[in-house]
Amino acid sequence: MSNSSEKAPTVRHLFHNFWQLAKPYWVSEDKYRAWGLLALVISLSLGLVYMNVQFNSWYNEFYNTLQNLDAKGFKSALYKFGYLAFAYIVIAVYAIWFQQMLEIRWRRWATLHFTQRWLSENTFYRLQLTDKATDNPDQRIAEDVGQFVSISLSLSLGLLRSVVTLVSFIGILWSLSGPFKLMLGSTAVSIPGYMVWVAIIYALIGTGITILLGRPLVGLNFMQQRYEADFRFGLVRVRENAESIALYNGAKDEQERLGYRFVNVVTNFWSVMRMNKRLTWFTSFWGQLAIIFPLIVAAPRFFAKEIPLGGLMQINSAFGQVYGALDFIIGSFSTLANWKAVIDRLTTFEASIVNAQDLPRIEPQPIAQGLQLTALSVSKPNGEVLLSDVNLTLKAGDALLIRGKSGAGKSTLLRAMAGIWPYAQGQYGVQSNTRTLFLSQKPYMPLGSLRAALYYPHEAEQDDSQISGLLTLAGLSHLMPRLDEVDAWSHVLSLGEQQRIALLRAMLVKPDFLFMDESTSALDAEGEDRLYRAVAECMKEGVMVSVGHRAGLVEYHEQVLECQGQGAWALSPL
């Protein structure tokens, strides 16, 4: 009793989570097309069941003409088959077409929905800070959303079609099979509709053995995906660290590591092969037996002249339909397990997004000009205070240098000043209608052209003369011919070149607030001096905040904030 009471809430919970994930699309701006397509697909699916019923009736007519040597009836039955086959093909084609149309519309909407949820309010960044369990959000959006939509449609429509098929053909099979007389000693027991019971028992036995034989495949397939992912991850690591591996002359070691990972792929796949071989032996046997089994069971009535040849073949067809419907319904439990796993992953992802967006945040207060911090305290995610009660006012034309030991909170304070760090308390005031640019130590190079990278995240402009002059200033004039070339620039350019591109980005975008987190660490002293001087010139009417250790940075700033550790700090002029 307790077991059933535990399962019921689980099932309710599953369908509750399903509806929470599905509902946004079915009440969205695309709802009328969605419901219209769903109604059309359901109608076509039911149409296929109707056509199968017509084919079942045709079997009786066709084979009776053969038994009766009725040439005219045979010809008429062939014409009828042509009409039925044509109608069935048309319905089948458009049933798949409109189902896939609904699937891609739903997936497109859901993918954009999750992408927007993930990217809004810097949630993608906050998830890295708060929820380590939500791994690979890219995979959840790219793969899990697609699987959720595909399985939801195929499973629900398949179950609907199977249930309607079962209801339709159980009645046909019941009326065709007649009673079966079973002798128990001297007593004759009549079993009405015995072929229905035979079909049910046959389906239960076949599905039960299939589940029993195929159960190890669930774990093996899971491990296969894991080993494949581990091997792929190793290959990506080599690609991303190609230069370092080459400098270490580590190709042989990497070959051994990759070989070890691939051995797991091969070994596990052999286990999958053995399980598939064992399973295929049975499923092939059981499937072939299903072709002849109903004929064997119904043959005594045929030879007793209780049913004609057409009736025998009609029973065979109806048995196949009932068996197929039952097999799908029972076999759907394995698909349900996969569906549940996808729903759980997406539900967890959605919950993580909500939790990340619910993190406390300091809402910037509009002020007349510049930037102002009042009693701002910055902490680590575990609650450890890095900086306590920071009071700071920066106005247009100010430049602040932040220094301190590693781990003292320099970069964290910069993130708080940029408005993206959630673990902060106090007041944060910033001038309204301003543009902010953050340059990190490892610059972000978006996919696309070099021109787009120079203006990121703003729309690229076509002022080639200005770009040419800045590229020359940065010693990157050789890139001018490739300005509109699309490439993976984060791999094409060295770290120093990427940092120079990022500094040119600041000069092109001309933000009101520029935050630089050791953004010249890969430059030589001369290059740093030349570019910092140019950036400082561009930021004369803005606010520039830098994190850095080099003594050469001092001359480009008027104030320095020393992070002293354990929450202490000191602000002094330069």
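Using N, Cα and C of the backbone, Cβ positions are placed for all residues, glycine too.
Because TrEMBL annotations are produced automatically, they should be read as predictions rather than curated entries.
Worth saying up front: this structure is predicted, and the values here are computed from it rather than measured.
Taken verbatim from TrEMBL:
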type     : residues : note
DOMAIN   : 39-338   : domain 'ABC transmembrane type-1'
DOMAIN   : 371-573  : domain 'ABC transporter'
TRANSMEM : 34-53    : transmembrane segment
TRANSMEM : 77-98    : transmembrane segment
TRANSMEM : 148-174  : transmembrane segment
TRANSMEM : 194-214  : transmembrane segment
TRANSMEM : 279-298  : transmembrane segment
Comparing 34-53, 148-174, 194-214, 279-298 for Cβ pairs under 8 Å with the transmembrane segment (77-98), the winner is 34-53
For the transmembrane segment (148-174), I need the partner stretch with the highest count of C-beta pairs below 8 angstroms, choosing only from 34-53, 194-214, 279-298.
34-53
Non-local residues, at least 6 beyond the ends, that sit with Cβ under 8 Å of the transmembrane segment (279-298):
177, 195, 198-199, 202, 206, 209-210, 213-214, 217, 307, 312, 315-316, 319-320, 323
Can you check how the pLDDT averages out over the domain 'ABC transporter' (371-573)?
90
